Every structure is written in structure tokens, then in C-alpha cells.
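Reviewing the structure listed below.
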Amino acid sequence: MNPYVLATLLSSLGLGTTLTFASSHWLLAWMGLEINTLAIIPLMAQHHHPRAVEATTKYFLTQATAAAVILFASTTNAWTTGEWDMANMSNPIATAMILAALALKIGLAPMHFWMPEVLQGLDLLTGLILSTWQKLAPLALIIQTAQAFDPLLLTALGLMSTFVGGWGGLNQTQLRKILAYSSIAHMGWMIIVLQYAPQLTLLALLMYVLMTSAAFLTLKLSSATKVNTLATVWSKSPILTMTAALVLLSLGGLPPLTGFMPKWFILQELAKQGLPLTATVMALAALISLYFYLRLCYAMTLTISPNTTTSTTPWRTQTTQASFPLALSTVMALGLLPITPTIMMLII
């Protein structure tokens, strides 16, 4: 892609998200979401592969539907209340519609069906943008209007997303689909605690972005898109294989890795709010997700290629990918648990 075009698209991505962050007016927020969607579409379709074009079309249709519902719901709310301000969401039907549309935008269950299919059709870097940056603007709107939403609805969305994210990933062999289901499960963790402690939602989002960036960049460096390709990575770069396994366990939320911190805080907050049953169900749902991360670790580190796989060993060519972003995100995805007391002082 032409660098000038790429720069324009990336700056439009930034502009759309910033516009949504800064707005308290529904029309401006909707405009930011639309700029965001239109900026990523050429990035998704740039390879002109039928799978990429199909994924782009699916993504465009779902995002356009969600944007139309947001516009309709905010217009309905403005019609009944007389103002477009986000803080004044008194119409229950409009509020429920906006939550459904924003859930569709970030891929919360049961509006998650587009997410694995779209991510599977993209290359890893565009997939990384879709899994991290594209979640920011809708989540910012959900956080801003959280007090207007029905608590029971938020809890149901959170629980369903963690379970669907766990169950959906169990039977997958494609790494991008596994990361898509991982994303759905993490979004569930963020939504469940939103009504009690929005700062924990932000913390979980930050940790999710770090861990997902490390996972995608690792897969990009090793050119792996299927589970059986992972079994051949150790011969090419053993240290990368070790850190990749740890990053996956961090995504699963195992101590003493970074991913344990947000889950620990969220379970603690749920128990503090008098919801031990919800906390127990969330912890059990996290175990289901942990199983498929462990399966990936097993394929990567405990099987010896080529006896257990049909894939060919990749050429050991020098990569052109910059190693600094990967190194930085990996270190942060693995080693931030010791700063937990500092984070507790800042957010609690």
C-alpha cells in the first residue's frame, strides 16, 4: 500500500477514536465511530484475497448495522428528552438499543458471531488493530453511559461472553479464531465489573491490549496461523517459543503473570459487592479459556516436530519485522504483576 494512503488511513483511525473519546454528544460520537469503520476497511481489504474481501464485507455490514441502531436510538432519546447529551439517557428502549449496538460493535456475546469469521480472513497486523484499537471507541461510550444501563443486562452480557469465549475456542485449530474467542471472553470480564468499578474495566482493557499485542506480534514474527504450525516454531527460535507460551498463559490469567492481575481485582470486586456466585461462575469460565491456551502451549513446547504434525518446517529467513514492539509488549505482558500494590493505590 502507498505510504501516503496508509498514513491517511491510520491518522483517520486515530481521529475517529479521539473524536468518540472527546464527545458528549451522540451525533459526534456516531461520527467518530463511522470514521473509524471507514478508515479500517481499506486496510482489511488491501490483500485482494477472497477471504479478506469477504471478511471486510462482513465487518462493514455488522458495523454499519450497529451505527444505524446507535443513530436511531440516540434520535429516539433526543426526541423524548429534548437533548443529545450522553449523560441524559432516560428512555429505557433507546438505552437498551444503544447497549445492544455497542455490544455488536465490540463483539460481546450473543452479538459475537461476526468476530471469529472476520478475524480469520485478515492478516495478523490488521487483526491486531481490529482486536485492540477498534474496541476502544465503543468501550469508551459504554463506560460513559454505564450508569443508564440495566445492571442485570450488563451481568448477563458479561457472563455469556466469558462462557462463549471459552467454549468457542475449545475446538479451533486456527490461531486467529482462537484469539477472537479470547477477545470475546476478555470483553466479558470488562463488562461484568463495569457497573461496580469502571476503573477496573480500564485496567482490564489495558492489560488485554498489552497481552493481545504480544500474542499477535509473536505469531507475525513466526508466520504462524494454525496450531500445527506452532509445533515447528521451536526449531527456528526457541526463546520466542518460550515467551509465546508464557504470553498465552498470561492471556489465560495464570499467576505470576500480568494477566492474573485484572482477573484477581475483578473477582475481588464482585465478592466485595456481595456477588460470590457470579465471581465463582466467572472463575470457572476462565478455566475453560485456560484449557485452550494450555492446548496451544502443549502444541508449541511439548511436541516434537515433524513426528506429530503434517506441516512443513519453515525456512529460517531473516525477518524484517521490528523486534522492539514485540519485546516491549512481551515484557509488559509477562512481568507487571509485582506492581499490583501500586495499581491498587492508584485505582482503589
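Along the chain as shown, the residues are counted starting at 1.
Using the three backbone atoms N, Cα and C, a Cβ is placed for every residue, glycine included.
Taken from TrEMBL, the feature domain 'NADH:quinone oxidoreductase/Mrp antiporter transmembrane' applies to 23-288.
What TrEMBL lists as domain 'NADH dehydrogenase subunit 2 C-terminal' is 290-344. Mean pLDDT for the domain 'NADH dehydrogenase subunit 2 C-terminal' (290-344) in the predicted structure: 83.
Marked as transmembrane segment by TrEMBL: 57-73 (among others).
Same-chain residues lying 6 or more positions outside the transmembrane segment (93-113) and placing a CB less than 8 Å from one of its CB atoms are 33, 62-63, 65-67, 69-70, 72-74, 76-77, 80, 135, 138-139, 141-142, 145, 148-150, 153-154, 157, 160-161, 163-165, 168, 180, 183-184, 187-188, 191. For 93-113 (among others), the entry in TrEMBL reads transmembrane segment.
Residues or ranges marked as transmembrane segment by TrEMBL: 152-171 (among others). Within the chain, the transmembrane segment (152-171) has long-range Cβ neighbours (under 8 A, six or more residues past its boundaries) at 96, 99, 103, 108-110, 112, 116, 146, 177-178, 181-195, 278, 281-282, 285-289, 291-292.
Here TrEMBL flags 178-196 (among others) as transmembrane segment.
According to TrEMBL, the feature transmembrane segment maps to 202-221 (among others). For the transmembrane segment (202-221), same-chain residues at least 6 beyond its ends with a Cβ under 8 Å from one of its own Cβ atoms are 124-125, 127-128, 131-132, 135-136, 139, 143, 175, 179, 182-183, 186, 189-190, 193, 237, 240, 243-244, 247-248, 250-251, 258-259, 261-262, 265-266, 319, 321, 323, 325-326, 329-330, 332-333, 336, 343, 347.
Annotation source TrEMBL lists transmembrane segment at 233-254 (among others).
Per TrEMBL, the feature transmembrane segment maps to 274-294 (among others).
Summarising the annotation, TrEMBL assigns transmembrane segment to 326-347 (among others). For the transmembrane segment (326-347), same-chain residues at least 6 beyond its ends with a Cβ under 8 Å from one of its own Cβ atoms are 197, 199-200, 203, 207, 210-211, 213-215, 217-218, 221, 243, 246-247, 250, 255-261, 264-265.
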* Honestly, do the transmembrane segment (274-294) and the transmembrane segment (57-73) touch, with at least three Cβ pairs under 8 Å and pairs 6 or more apart in sequence? -> no
* Which sequence positions outside the transmembrane segment (57-73), separated from its termini by at least 6 residues, show Cβ-Cβ distances below 8 Å to it? -> 26, 29-30, 33-34, 37, 40-41, 44, 93-95, 97-98, 100-102, 104-105, 114, 117-118, 121, 130
